[in-house]
Amino acid sequence: MSTTVDVPESSNVAKGKAIAVARPGGWKKGLAIMDFILRLGGIAASLGAAATMGTSDQTLPFFTQFFQFEASYDSFTTFQFFVITMALVAGYLVLSLPFSVVAIIRPHAPGPRLFLIILDTVFLTLATASGASAAAIVYLAHNGNQDSNWLAICNQFGDFCAQTSGAVVASFVAVVILVLLVIMSALALRRH
């Protein structure tokens, strides 16, 4: 007596059809790709802000050759802090690109995401602090302060003020990108 059991083939196997399997990654992979693209945009914004501020310089040609008025970013410690910080943010974003690629390849791995969200938050804080402090100085350069007898210098140093204002705007674009990166990393770390 034989103890074999005949199991008929299912209709899917007989017809050569496979069971549909959900694509691995899903929306987390889409977030990881968007993360990579935003990091590239953040590099451009922060590097542009640092380069624009670092090259802001204007000399007024009136008076004599030995006595001239000059406005430069290195005349203000706040602007020096701004240039250094935005260069650090750009450098961090460049160094974070491989971790972003790992998040694309392995979208369900929490390690790279956790690492990125912590460092993104640190550099978001630095970028916000430097952008806000530079914005305060640019505001004073444009409007002055009557109570402190600080005169507006943008009437005389128009090119310098235009460059510093553009650098501050670029820094706040980088800040918005970093905020989006933190939010996206937090969404990707959700368990649901």
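In case you wondered, yes, glycine gets a Cβ from its N, Cα and C as well.
Positions annotated as topological domain 'Cytoplasmic' by Swiss-Prot, on the basis of sequence analysis: 1-30 (among others).
The transmembrane segment annotation in Swiss-Prot covers 31-51 (among others). Under 8 Å from some Cβ of the transmembrane segment (31-51) lie the Cβ atoms of residues 25, 82-83, 86-87, 89-90, 93-94, 96-97, 100-101, 103-104, 107, 116, 127, 131, 167-168, 170-171, 173-174, 177-178, 180-181, 184-185, 187-188, all in the same chain and six or more residues away from its ends.
What Swiss-Prot records for 52-80 (among others) is topological domain 'Extracellular', and it gives sequence analysis as the kind of evidence.
Residues 32, 35-36, 39-40, 42-43, 46-47, 49-50, 53-54, 73, 112, 115-116, 119-120, 123, 126-127, 129-131, 133-134, 167, 171, 174, 178 of the same chain, all 6+ positions outside the transmembrane segment (81-101), place their C-beta atoms under 8 angstroms from a C-beta of that stretch. Residues or ranges marked as transmembrane segment in Swiss-Prot: 81-101 (among others).
Taken from Swiss-Prot, the feature topological domain 'Cytoplasmic' covers 102-113 (among others). Mean model confidence of the topological domain 'Cytoplasmic' (102-113) amounts to 87 (pLDDT, 0 to 100 scale).
Per Swiss-Prot, the feature transmembrane segment maps to 114-134 (among others); the stated evidence is sequence analysis.
Residues in the topological domain 'Extracellular' (135-166) partition by DSSP class (helix H, G, I; strand E, B; coil) as 18 helix, 2 strand, 12 coil. What Swiss-Prot lists as topological domain 'Extracellular' is 135-166 (among others).
If you look up Swiss-Prot, you'll see 167-187 (among others) marked as transmembrane segment, on the strength of sequence analysis.
Sequence annotations record features per position, and here Swiss-Prot assigns topological domain 'Cytoplasmic' to 188-192 (among others) based on sequence analysis.
For the transmembrane segment (114-134), same-chain residues at least 6 beyond its ends with a Cβ under 8 Å from one of its own Cβ atoms are 35, 46, 49, 53, 78-79, 81-82, 85-86, 88-89, 92-93, 96, 99-100, 103, 164, 167-168, 171-172, 174-175, 178-179, 181-182, 185-186, 189. Panel annotation: around the topological domain 'Extracellular' (135-166), residues 52-53, 55-58, 60, 69, 71-73, 76, 78-79, 172 of the same chain, lying at least six beyond its termini, place a Cβ under 8 Å from a Cβ of the stretch. Beyond the topological domain 'Cytoplasmic' (102-113), the same-chain residues lying 6 or more positions past its ends with a Cβ under 8 Å from any Cβ of the stretch are 24-26, 28-29, 31-33, 35-36, 185, 188-189.
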